[in-house]
Amino acid sequence: MKKRLVAIFTLLFTAILVLTGCKSNDQQTITAVGSSAAQPLVELAGEEFSKNNPNEYINVQGGGTGTGLSQIQQGAVDIGNSDLYAEQKKNIDAKKLVDHRIAAVGMVPIVNKNVKVKSLTIKQLRQIFSGQITNWKQVGGQDLPITIINRANGSGTRSAFEDDVMEGTPSVSSQEQDSSGMVRQIVYNTQGSISYLAMPYMNNTVKSINVDGVKPTMKNIETNKWKIWSYEHLYTKGEPKGMTKRFLDYIMTDHVQNKVVKQLGYVPIKDMQYQKDYKGNVTPISKEGD
Amino acid sequence: MKDPIRESLTKKSISAKRETKGKVISFSFTAIIVILVVTIIGFVASRGLVIFFKDGVNPIDFLTHSVWAPDKLDSAGHPIVGAAPMIIGSFAVTLIAALIGTPFAIAAAIFMTEISPKIGRKVLQPVIELLVGIPSVVYGFIGLTIVVPFVRSIAGGSGFGILAGSFVLFVMILPTITSMSVDALKAVPEYYREASLALGATRWQTIHKVILRAASPGLLTAVVFGMSRAFGEALAVQMVIGNAMLLPQNLVSPSSTLTSVLTMNMGNTIMGSTPNDALWSLALLLLLMSLLFNFVIRLIAKRGEF
């Protein structure tokens, strides 16, 4: 009995030693943590990257924009994914971090399919989320109370949406969910509900809403006709080096930007004709200078 | 000259050595566990007390105020952290789940020990063990797709709220309460039953007047254990309660619990910032509550020895 136990433990230890040893010898891994809105993009880009570089792996984890920024600030990971500019989060020293904007992403208001309203003005949207409009009949729909499903306070998607829609008006306290998938599921199940999603999470179980008569399409985001959008940021602590740098360069190649980024529903960064700074100021990009 | 007898008497024998070795090993492992527990409590407390000492929040306001916005400051310059909606939400789901669950659990336990131990062992026992094994995310998913629409159709509203949370928790704590109740009923000495029957009591009278009475401290422990599990459950509740940091207006208005607020907001706060510290305060509160539950269980157990 005792001998067998000893044998098992020895086996375990050698296994651990051998396995970890293998990893450090031939494989190289970097870790990217943070925003769940950016996660599908970084994951897919990472898979493509590993295809070209068989011994290099990108380990992508969610956890939220806050996690991404605080982990990269501590230097615990190689890349911190964020929906926000680091300047927008308190307790983050943005000067130590280097911003790599890899794509733009539109935030789309969504409603349950039984809601008859097709289009809202940005003012009506603001009044709905601040609790001034509480019934769909006030905005030209049927007599049905509005159920607001919000994202958790501090979530990157919510901040991006509020920056462009609410203009400082506080949101009314309402139901909150901590992931895009749950939001979509609950809007699908709940009559009269309204929420918002990052465009890559859209599907046909919920209905998107036009804002000020503009459809949420990639073209309209590029030209800033669709005003509710933000960047996906990959932050590094200091200038990126080695594999991290090669991965970031790889994401910016035409192959990834035109295929992976578009295919998932993000907007390639070089297609954007407008840029947005962390205060929300939007300016056109002069094509010659860039 | 060596005296072999003298030597064997003064030296430690092999079995004595083994005894010391065993003692050292078991003591050091126990010590590690104790140290671990103490460090966890110490760590949570050191983080959770920051908003009271550094940001000057009044602990009574923390427990009684109902606005939760830790990233904003009130007129006195303290962060706005009123945890009352979550505290009330947590207690409401726990109590209602225990209220619904206890009769079912005790009935099942009586059936399994007193009425039909054979079917109980063969059918009910495996079913209840199966319930323990279902992961909480599955309970939450079932809650989201079945319980929430059901509550919406009978009680109106969006369906998300304390009632839906209680329904899900009731199923989750049922196995805990049942299996502990079974143990409590089995612990009632056989001669209690014999004496009762010999006095001419029917089986129902025996169960009702003798066994349940004798087992009541054990049954109470079972209920408190179930409640402490319900209080600490996070994921399944979070999926069906609606997560609105509002005082619950009724059983079907979206509300939140201490645990659901924690899991919802962890990823969106920055370590060391006030919203993050405020979450640690909620964690500390949860920890204190579970200590309280343990204390109550101890208290009951002390009373209920045969």
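Note: Cβ is positioned from N, Cα and C throughout, glycine not excepted.
Marked as domain 'ABC transmembrane type-1' by TrEMBL: B:87-297.
Non-local neighbours of the transmembrane segment (B:24-45) in the same chain are 280, 283-284, 287; each lies 6+ residues outside the stretch with a CB under 8 Å from one of its CB atoms. Taken from TrEMBL, the feature transmembrane segment applies to B:24-45 (among others).
As annotated by TrEMBL, transmembrane segment applies to B:87-111 (among others). Long-range neighbours of the transmembrane segment (B:87-111) within the same chain, counting only residues 6 or more positions beyond its ends whose Cβ lies under 8 Å from a Cβ of the stretch, are 63, 119-120, 124, 128, 162-163, 165-167, 169-170, 172-174, 177-178, 181-182, 184-185, 207, 211-212, 219, 222-223, 226-227, 230-231, 237, 241, 247-248, 251, 255-260, 285, 289.
Positions annotated as transmembrane segment by TrEMBL: B:123-148 (among others).
Here TrEMBL flags B:154-177 (among others) as transmembrane segment.
The transmembrane segment annotation in TrEMBL covers B:219-241 (among others).
Under the heading transmembrane segment, TrEMBL lists B:278-301 (among others). Here the transmembrane segment (B:278-301) has long-range neighbours at 41, 44-45, 47-52, 62, 68, 70, 79, 81, 83, 86-87, 90, 217, 220-221, 224-225, 227-228, 231-232, 258-259, 261-262, 265-266, 269, meaning same-chain residues at least 6 beyond its ends whose C-beta is under 8 angstroms from one of its own.
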